[in-house]
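Noted in Swiss-Prot for the protein shown:
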BINDING   Ala8, Met9, Ser10, Gly11, Gly12, Val13, Asp14, Ser15, Met35, Gly124  ATP binding site
ACT_SITE  Cys100  active site, nucleophile
DISULFID  Cys100-Cys196  disulfide bond
SITE      His125  site 'Interaction with tRNA'
ACT_SITE  Cys196  active site, cysteine persulfide intermediate
SITE      Gln336  site 'Interaction with tRNA'
Amino acid sequence: MNKTVVVAMSGGVDSSVVAYLLKNYTSYKVLGLFMKNWEEEDGEGLCSTAKDYEDVEKVAGQLDIPYYTVSFAKEYRERVFSRFLTGYSEGYTPNPDVLCNREIKFDLLQKKVRELGGDFLATGHYCRVSPDENGVNLLRGIDPQKDQSYFLCGTRKESLENVIFPLGDKTKTEVRSIAAQAGLATAQKRDSTGICFIGKRPFKSFLEKFVPNLEGNIVDYDSQRVVGHHEGAHYYTIGQRRGLDLGGSEKPCYVVGKDMEKNIVYIVRGEDHPLLYQTELTARELNWFVSPKSITTCSAKVRYRSNDEECEILLRGEDEVLVRFASPVKAITPGQAIAFYDGERCLGGGVIEISMTPQSV
């Protein structure tokens, strides 16, 4: 009997192509599953859920596959969104996509797949998995511009054992071409960007609905002079340049730290200011695809679009590591995910813990 694969269909071109490839080029029985994580009334229609569902219906109809819907809105609010708000209110910059993958897509959605009689879950992530005697390895996607292994660095290893990533060996250009040649309804649909529950609204106008404004000072760290004012230190991220609205200097200003107790945002002037760079950090909430005891040196990404940075890892108990970089790294942000790599293989990841007040190299 042919095995069943359930495709997580978002209404976008990537998951549409996944369903198309599995339907037409494998022997699997293919089902579609649309996952709703946000109630539109919760956020004044911030997510285009209705339009996305219509696109799932169209593509499923084109491919002649059955499709289902599941809502994890309550669980998403409890396990992802609440942590997002708590993190920001405490001055961190959490990554909800990493949390969503771990808590929703590769946990609750996996359970729904089994309820539907599925043997495998397939998604449109640009990454790969490779089994060996120790389980499954998470590998980068071959398209360096679209590789999404970073977002899965916090996902439990066992959650990836029955997962298929058909786009891991393809580029975005190839995926668009496949969609166009197949005449899929989503072939020309734009990629979604940013955080789903924020949509197209400015980040500040969204966050202030949940975390109250609190006016405070913007301080030049070098001179300790007040150079401006803000409506909440939680709106600012280490390394941020835009939105400061500070004049009086030929050099651009960057956020270099925050004092959440005093509600102060610290800035420095110049993109090469030494306080913007760090040589080490602590990571917690660790998740490993290999034994951390086997790792001494590796590379790391401190944010999605950052370069790989060579580093060494020093274990500090069960759920903490000290990461020392070979060269200073700019704008390390507390609360963001850090992913560790050995070449194309993702070794694991964690959450960055670093002082929010400026620290010299």
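Using the three backbone atoms N, Cα and C, a Cβ is placed for every residue, glycine included.
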Same-chain residues at least 6 apart in sequence with Cβ under 8 Å of the Cβ of Gln336 (site 'Interaction with tRNA'), in sequence order, are Thr93, Pro94, Asn95, Val302, Arg303, Val351, Ile352
Residue pair Gly12 (ATP binding site), His125 (site 'Interaction with tRNA') - Cα distance, angstrom, rounded: 12
Same chain, 6+ residues apart, C-beta under 8 Å of the C-beta of Asp14 (ATP binding site), given in sequence order: Gly124, Tyr126, Leu167, Val175, Asp191
Would you mind pulling the longest C-alpha to C-alpha span across Ala8, Met9, Ser10, Gly11, Gly12, Val13, Asp14, Ser15, Met35, Gly124, which the record has binding ATP, in angstrom? 16
If you measure Ala8 (ATP binding site) to His125 (site 'Interaction with tRNA') at Cα, how many Å is it? 10
Sort out the sequence-distant neighbours of His125 (site 'Interaction with tRNA') for me: same chain, 6+ apart, CB within less than 8 Å of its CB, listed by position. Gly141, Gln148, Phe151, Leu152, Phe165, Leu167, Gly168
Whole-number Å distance between the CA of Met35 (ATP binding site) and the CA of the residue listed as 'active site, nucleophile'? 12
According to DSSP, Ser10 (ATP binding site) sits in coil
Collapsed DSSP category at Met35 (ATP binding site): strand
Rounded to a whole number, how many Å is the Cα of Cys100 (active site, nucleophile) away from the Cα of Ser10 (ATP binding site)? 14
Return the count of C-beta atoms lying within 10 angstroms of the C-beta of Cys100 (active site, nucleophile), excluding that atom itself. 24
For Ser10 (ATP binding site), nearby residues of its own chain (Cβ under 8 Å, 6 or more apart in sequence): Phe34, Met35, Asp52, Val56, Gly124, Ser192
Around Gly12 (ATP binding site), how many other C-beta atoms are within 10 angstroms of its C-beta? 19
